[in-house]
Amino acid sequence: MLLCSMVAALAALATPAFSCALPHLDLPEDNSGLDIKLDSLSNTRVKATITNKADRPLNLLKFNTFFDDGPTEKVGIFKDGNPIKFDGIMRRIQTFDLPISAFVPISPGESIEREFDIASTSDLTVGGAFDILSEGAIPYAEANQTTLTGAMVFKSNALQLKIDGEMAATVARAIQPLDRRSDVHVCRNSAKRKALMKALRNSAHLAGTAASAAYRNPRKVQEYFHTTDRTAVRSVAARLKAISRESGSTRNGATRYACEDHWNRCEPGVLAYTLPSHNLVVNCPSFYNLPALTNRCHGQDQATTVLHEFAHAPGVHEPFCKDHAYGYRSIRRLSTRLALNNADSFSLFANGRFRRRFRVIST
């Protein structure tokens, strides 16, 4: 989700794109529009209170936020300064034609509470002291609208928890172990298989081209990741090269890829999702409504959706990326630390001017 990180140096990565000159003045100044307060309810159960401090009503996007009912990452969990492994799902959402059900309306001054259990998506059975925090950017539409127009940057309070490991072990896990005997990467629908194979080939070409371009175009690295530090550029290129390799490894790669959702985690507005703990990527029905490659600057397509999802897979490159923000406006508001660990920063960086020289692979 738009989330958390407390670790000062999340060293890695990123995404390729070399143009789409949208004016920086296009970004609303919404640094203090949301107040997020975390409270402990009982052992591993947490309450988030979201307050609209803006001077107008908003429609907040629910996906990958506190409003998401799915097993998405709502807070970062740390023990002794080290992040705890997340065992839920990472989703890529549409940034266009979203249904009204994808939003939560909030009036000026209104507070909305949401409760969740952090033990449902992380193993906390060791017990003891933990710290949790959430930060990122929540996309929004204006009141009664569904067109994303900006993003509210937020950072919650840091909350310390004393967790009983035995009690944490009794919490039902949101994602059950997968049957390793099931060949989930077999796609029996020929049309979907053809689309997926094309997307993988296009992703391989696109990510490889973008990795090379990262070295040649520090101005664009600055635009998407807010740094031209050589170490960061190398990290960006390394992740993209890894994604290119994985996209081209249809038989012996580190991930499994399902062309249909057998786990009922798709819903309107979701393009695909990844289970990082299983290195499994799953396409949703709306994935197949996307073009193979878009000519629209910062648009979405099948190739960059594959690229986005592989950024979530630890088997491709570690540390795997989170979903701190979605869309160009949102990712432009992230700090360098969060941008380098944000999957959509990768897919947007990949969707740039150099695409004009990229031929769609059609066979």
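Heads up, the Cβ atoms here are built off N, Cα and C, so glycines get one too.
Counting only residues at least six positions away in the same chain, the Cβ atoms of M90, R92, A272, Y273, T274, V281, A343 sit under 8 Å from the Cβ of E309 (active site). The annotation active site is assigned in Swiss-Prot to E309 on the grounds of sequence analysis.
Swiss-Prot lists H308, H312, D323 with the feature Zn(2+) binding site. Under DSSP, D323 (Zn(2+) binding site) is assigned to coil, being neither helix nor strand in the three-state scheme.
The DSSP secondary structure for C187 (disulfide bond) is coil. Spatially close to C187 (disulfide bond) yet at least six residues away along the chain are R193, L196, A258, C259, E260, judged by Cβ distances under 8 angstroms. Annotation comment: Swiss-Prot describes C187-C259 (among others) as disulfide bond, evidence class similarity to another entry.
Per Swiss-Prot, the feature disulfide bond maps to C266-C284 (among others); the stated evidence is similarity to another entry. C284 (disulfide bond) falls outside any helix or strand according to DSSP and counts as coil. Neighbour count (other Cβ atoms within 10 Å of the Cβ, all protein chains): 23 for C284 (disulfide bond).
What Swiss-Prot records for 1-19 is signal peptide.
A straight line from the CA of H308 (Zn(2+) binding site) to the CA of C284 (disulfide bond) spans 14 Å. Neighbours of the Zn(2+) site: apart from H308, H312, D323, residues of the same chain with C-beta atoms within 8 angstroms of the site's C-beta centroid are M90, R91, R92, T274, E309, A311, C321, K322, A343, D344. Sorted by the number of other CB atoms within 10 A, the binding-site residues H308, H312 start with H312, the lowest. In this structure, C266 is the one among the disulfide-bonded residues C259, C266 with the smallest number of other Cβ atoms inside 10 Å of its Cβ.
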